[in-house]
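Sequence annotations record features per position, and here Swiss-Prot assigns transmembrane segment to 58-78, 113-133, 148-168, 179-199, 217-237, 254-274, 281-301, 330-350, 421-441, 464-484.
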Amino acid sequence: MGAKDITGRSTTQGFAQQHGGVSDVVVKTPFYQVSCCGPVSWTSGCHSLTESTCSRLFYILLHMGASAICCLLLSKTVVERVWGKAHGIQMPSVLCAHLFGNSDCPVLSGSGAVYRVCAGTATFHLLQAVLLVRLHSPTSPRAQLHNSFWSLKLLFLLGLCTAAFCIPDEHLFPAWHYIGICGGFTFILLQLVLITAFAQSWNKNWQTGAAQDCSWFLGVLLATLGFYSMAGVGAVLLFHHYTHPDGCLLNKMLLSLHLCFCGLLSLLSIAPCIRLRQPNSGLLQASIISCYIMYLTFSALSSRPPETIIFQGQNHTLCLPGQNKMEPQIPDASVAVFSASIMYACVLFACNEASYLAQLFGPLWIIKVYKYEFQKPSVCFCCPQTVEPEDGQGSRARPADQETPPAAQVQSQHLSYSYSGFHFAFFLASLYVMVTLTNWFSYEEAELEKTFTKGSWATFWVKVASCWACVLLYLGLLLAPLLAHHSESPPP
């Protein structure tokens, strides 16, 4: 089993000669022989997928597993039922005295456990991101760090998490808390960049087709109406479930404000002064952003603590679904679980899309992705097919090691996504999951049940701020070309 098992059998004699040298070198080195601990056995079932795609799936599964473990350790119900410990899982006293010299040891559950598991996963991805910087060829020996050594990497990840549990609370929380906050906010900004780039790419692509064919114009119209309909239905449902005539003033003000934002962005998208500098600007991208604003509003409202009022001498809970009636209600976790599922799906999408765009456009992809112009319309609008050469590496097209014919694989020597960018995105995602589960700034008494049923003001305002940041980012994209034109115009 050697490198030929990974790169595939050659279809021509020239291709065999081209890669024969690389295969011989890699097979003969101890570096690749050690990789037999993982790559062949783990990826042998992925005959219909490429190695890089299988690797990406395995890393996603690792991250999902770590996140699930964090949820279990944060759940007071699970800890009490499985271990019977009302105050958390304690480290054995003998091991505690040996490691710390006293009986004051970290609790192996709760927010401290979440911080330590996420510290291990974040360090795991950050180290790989550093080691894989400026990697451009899938045949490079460094690429095996990403695609191989699965058993060793799993043991290394477990070792990092175990080592994190040996760090006392007073040394872990102060520094790692601020690192987590910064990483979490950075990941939120990354998500906002991706959603605005997604909306702009879709609009540019289909507007290009609408200028040539009426069928594309019909597609633009239907998509725009569809997104505005979803945003409108979402707003109605939010007013119905998250407001009450006798309270919930903050929810009413927030929903009204965000609806005004949606209307303002829609008007600016079709304003003549904006379209003069951006001819492709239209309601399609504004409708996508409006729909996303409604989702962020829903996420924020479902994360706030309920409001309590006194009615006829009794306390009544309002401002959450199922709790707006003047009668005792049991908190419903279904909405919170639904919101958390969407959130984690967005996390995985952001990690994968960021790594692809980083490989396609280079380190400055956050800027270049907005400037890309489509030559012809296509249904697959979110993935540009070709870009200009970057740093003398030749034209970067969509690499052919993803479900492409063998003839295309012969010509492809590029990565299908940036390995370093992929791991750095998962580094930020690990920090984002950590601070989200532990209520951001109020992590001391975080519990899974409270996080998803009772909420916290810290999480609420973080999500509201992310919604406002999305509005400002899209507003900047609309106004930046106009402001730049006025600044460059000579005075009369």
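Any Cβ shown, glycine's included, is placed from N, Cα and C.
At the 8 Å Cβ threshold, with sequence separation of at least 6, the transmembrane segment (113-133) comes into contact with the transmembrane segment (421-441) through 3 or more pairs. By number of Cβ pairs under 8 Å, the transmembrane segment (254-274) is matched best by 217-237 from the list 179-199, 217-237, 421-441.
Within the chain carrying the transmembrane segment (217-237), a Cβ under 8 angstroms from the stretch's Cβ atoms is held by residues 202-203, 206-207, 209-210, 255, 259, 262, 282-284, 287-288, 290-291, 293-295, 297-298, all 6 or more beyond its ends. Listed as Cβ neighbours of the transmembrane segment (179-199) (distance under 8 Å, sequence separation of 6 or more from its ends, same chain) are residues 115, 118, 122, 284-285, 288-289, 292, 346-347, 349-350, 353-354, 357, 366, 369-370, 382, 425, 427-432, 434-436, 440-441, 462, 466, 469-470, 473-474, 477. Remote same-chain residues near the transmembrane segment (58-78) are listed as 42, 89, 108-111, 113-114, 117-118, 120-121, 150, 154, 157, 161, 344, 348, 351, 422-423, 426, 429-430, 433-434, 437-438, 446-449, 451 (criterion: CB distance under 8 Å, separation of at least six residues from the stretch ends). A Cβ distance under 8 Å defines the sequence-distant neighbours of the transmembrane segment (421-441), meaning residues of its chain 6+ beyond its ends; these are 56, 59, 63, 66-67, 70-71, 74, 111, 114-115, 118-119, 121-122, 125-126, 128-129, 132, 146, 179-184, 186-188, 190, 343-344, 347, 350-352, 354-355, 358-359, 448, 451, 456, 458-459, 462.
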